[in-house]
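What follows is a short report on a single structure.
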Amino acid sequence: MVMLDHPLAVTMGDPSGIGPEIIAKMYLRRPDKRNWIVVGDPLVMEHAIANLGVAVQIRRIATVEEAGCEDGVLNVLASSSLATLPAVGRVSAVSGQAAYDAIVTAIGLARQGTIRGIVTAPIHKEALAAAGIHYPGHTEILAEQGGAQHVAMMLANDEIRTVLVTIHCSLADAIRKADFPAQMQAIRLAHEGARALGIVQPRIAVAGLNPHAGEGGLFGDEEIRIITPAIAAARAEGIDATGPWPGDTVFMQARLGKFDVVVAQYHDQGLIPVKFMGLEKGVNITLGLPFVRTSPDHGTAFDIAGRGIADSSSLETAFDYATRLKVPTPFFSGAMS
């Protein structure tokens, strides 16, 4: 048996959702790429395999060093040990805790350097809350537990990439939080994230916050007071940032090849264009961590969980991105002024 060398870890996600199923399907569909382990609950993964009716054995491992590459064997490092399976397609504290335990375990492995990075299957925010775990989402867990000071979300597919200035908060809060430091953080991380994807001199487009990028102050002055000065400061650092560009047209220009990355001001401004082009194509990359992290661009899909019809394409794309990404440099991992 060939032992795995510095593998990626795939966290199982919420056990009541489609995460375990799409992980099992990825294993079956990608026999050529198996330098990875699952971090999660062995019972959950055994059930996911059995539900697909395939002959795959779960190898329970206690350390990454025990993982080997062998046909028909899926390595699972136990982050929890459930006595019974949680109900499929329902929010539960048990599922929330198990999902959280998998993430924290994988973060520990990444910080120790025993794995190359993490690919996370979807979690359910209500399940986390039910378990008494109060994080808005994966990004915030990874930032705090991963010891990162500055993080940002990059959503990417084959045609466009976007980085968010603000992430999981209300629109009212996003307007308040989109200040000068937040602009600088997003622009810097967009630049370094694109470089991690192999783009040597990234062209960064910064979207405006208001309609028509404020129309010269007629529809709001954040572009004048905050965004334009941040772009100028980024350019002084050698970053090719331009804007602010109207949010309703900048993604089309990026898709046509004018820009490599769009810095979007708030969650839906950035995610709608990427997701409109197909959930199976989109990947979430967390910038600013001291290790690689990607995830599929969809949720737990409770409505189809346990039915064997979930599509693993987005998870596979996330895995491919994780293998392509360069291991973060000190600047990329948040060591910024």
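Keep in mind that glycine also has a Cβ here, set from the backbone N, Cα and C atoms.
Remember, predicted model here, so these are calculated numbers, not experimental data.
As recorded in Swiss-Prot:
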type    : residues                               : note
BINDING : His138, Thr139, Lys275, Asn284, Arg293 : substrate binding site
BINDING : His168, His212, His267                 : divalent metal cation binding site
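Feature map: annotations from Swiss-Prot on the structure.
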residue : record                             : CB count, 10 Å
His138  : substrate binding site             : 25
Thr139  : substrate binding site             : 23
His168  : divalent metal cation binding site : 16
His212  : divalent metal cation binding site : 15
His267  : divalent metal cation binding site : 18
Lys275  : substrate binding site             : 16
Asn284  : substrate binding site             : 23
Arg293  : substrate binding site             : 30
Inter-residue C-alpha distance, Arg293 (substrate binding site) and His212 (divalent metal cation binding site) (nearest angstrom):
34
Rounded Cα separation (Å) that holds between Asn284 (substrate binding site) and His267 (divalent metal cation binding site):
12
For Lys275 (substrate binding site) and His267 (divalent metal cation binding site), what Cα-Cα distance in Å is obtained after rounding to a whole number?
12
Rounded Cα separation (Å) that holds between His138 (substrate binding site) and His267 (divalent metal cation binding site):
14
According to DSSP, does Arg293 (substrate binding site) sit in a helix, a strand, or coil?
strand
Can you tell me the CA-to-CA distance separating His212 (divalent metal cation binding site) and Thr139 (substrate binding site), as a whole number of Å?
30
Compute the C-alpha separation of His267 (divalent metal cation binding site) from Thr139 (substrate binding site), stating it in Å without decimals.
13
